[in-house]
């Protein structure tokens, strides 16, 4: 036989496609022709493909109609809508306090700064830690019962917030509402029901929901609290939470599917009794014995956070998203305070200004939908039919110039009291944050397909912690040094290694998270994923 003769060998041994998907950790064969090379003709012929036949489905749907990957498009869309509406709840409820900040200060005979420090900031803090707790229960007992009970208690505490007779009660109820309301980790549900190649598009919708939510309530209720008590705003928030709870009870189904079990210990039924047991957690409790044990569940988040393919990117996202949280809690102070600190807007003008980030999030969703899919398809073609997770991060290169432009324009607008600059800068920054957040969530999910919940909870925690402290220092700092200095420094922290001088001090910023995190992860990501895989 000649040396250059090619030898083709069919791989006839069974391939565990479930294990392949989970162990691939960010590198998947997507092209059906390349799958024949990877698995052999025989095994590749068993792979299920997308309806157009151009992509291999990951995870591979089971031969079971109860597998959520096999659900109809309508059924999947209903669940995406419900989980997106649920994701709106925690930040939407938190944002009601922003719209009501001056009314709350008047009712409880204090200042808007005290309301921010005592209630807004600590509720943001608990929004982050709540996700870590609820994901543990979701992984052990299923998505539906944990979502139901957490939203029920969040609804009850929101009613308590509405009726709170004093500031201490109000602060306690608002913080508990945040802790229980932050449960909807939609990354779990999206990965449960949608195949890999559609997940970024669906994540774009889900992330748009929670990015939009903190701006929606100040916009909607700002007009309301200008005419009536802030308690009406919280009462309407209760109505929204009740609607979401209704949808969960009557239309949401369990999306957790135990692919590792050769046979299902509990046969899935469509009866009302089975549905009730699944909703309240009886079915999940019985299934828990077949799922990861408590030691693994408790340590799962720690097992992810230290890995370099996750750690650097999540620090980057913490700064990017964290400053947007800080801007949301302090912009209302800038807009409502009289000159020279702020714009002296009326309550109606403040409410109208919050239309800016809402429009910006919608623009970010539209742009991100097409950009992410274009980058994915282009990378697969250029990479011989394989997808690698690091390609998701190319979107960050589009987001970051917009981020710099937006924050610097916003800072200049606040410093010079320019309404046009305020609106334009705020909008551009939120578009950038929306694009960047989707890219980071998609990348981290691709790297850890078995840890979708932990990834979602850790990203939620880091972005909450990133914005937790901003409201404490942003208004005094801007009053002293000017908005351009403040927002310029915040942009510099995310973008570059920089040193900014002020007349009475030196602010040395050495974070450089964008240039450190994104290019390094793209260059070394495949090594990190192989060396530090779960």
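The backbone N, Cα and C atoms fix where each Cβ goes, glycine too.
Since the structure is predicted, the reported quantities are computational estimates derived from the model, not experimental observations.
Check TrEMBL against the ranges 291-309, 310-328, 329-347 and you find transmembrane segment recorded for 310-328. Which of 232-252, 253-273, 484-504 counts as transmembrane segment depends on TrEMBL, and there it is 232-252.
Note: the stretches the transmembrane segment (348-372) and the transmembrane segment (232-252) are not in contact (fewer than 3 CB pairs below 8 A, sequence gap of 6 or more).
Between the transmembrane segment (122-139) and the stretches 80-102, 203-226, 232-252, 310-328, 420-443, the greatest number of Cβ pairs separated by less than 8 Å involves 80-102. Counted over residue pairs separated by six or more positions, the transmembrane segment (171-191) shares at least 3 Cβ pairs under 8 angstroms with the transmembrane segment (80-102), which defines the two as touching.
Away from its own ends, the transmembrane segment (80-102) comes close to residues 112, 115-116, 119-120, 123-124, 127, 130, 147, 151, 154, 158, 161, 174, 177-178, 181-184, 186, 189-190, 193, 202, 205-206, 208-210, 212-218, 220-222, 224-225, 230, 233-234, 237, 240-241, 243-244, 247-248, 251-252, 328-329, 332-333, 336, 347, 351 of its chain (Cβ-Cβ under 8 Å, at least six residues beyond either end).
The transmembrane segment (203-226) makes no contact with the transmembrane segment (393-414): fewer than 3 of their CB pairs lie within 8 A, with pairs spaced 6 or more apart in sequence. Spatially, the transmembrane segment (310-328) is not adjacent to the transmembrane segment (232-252); fewer than three Cβ-Cβ distances between them are under 8 Å for residues at least 6 apart in sequence. Sequence-distant contacts of the transmembrane segment (420-443) (same chain, six or more residues past either end, CB-CB distance under 8 Å): 187, 199-200, 203-204, 207-208, 211, 215, 313-314, 316-317, 320-321, 324, 327, 331, 335, 343, 353, 356-357, 359-361, 363-365, 367-368, 371-372, 389-390, 392-396, 398-400, 402-403, 405-414, 455-456, 459, 463, 487.
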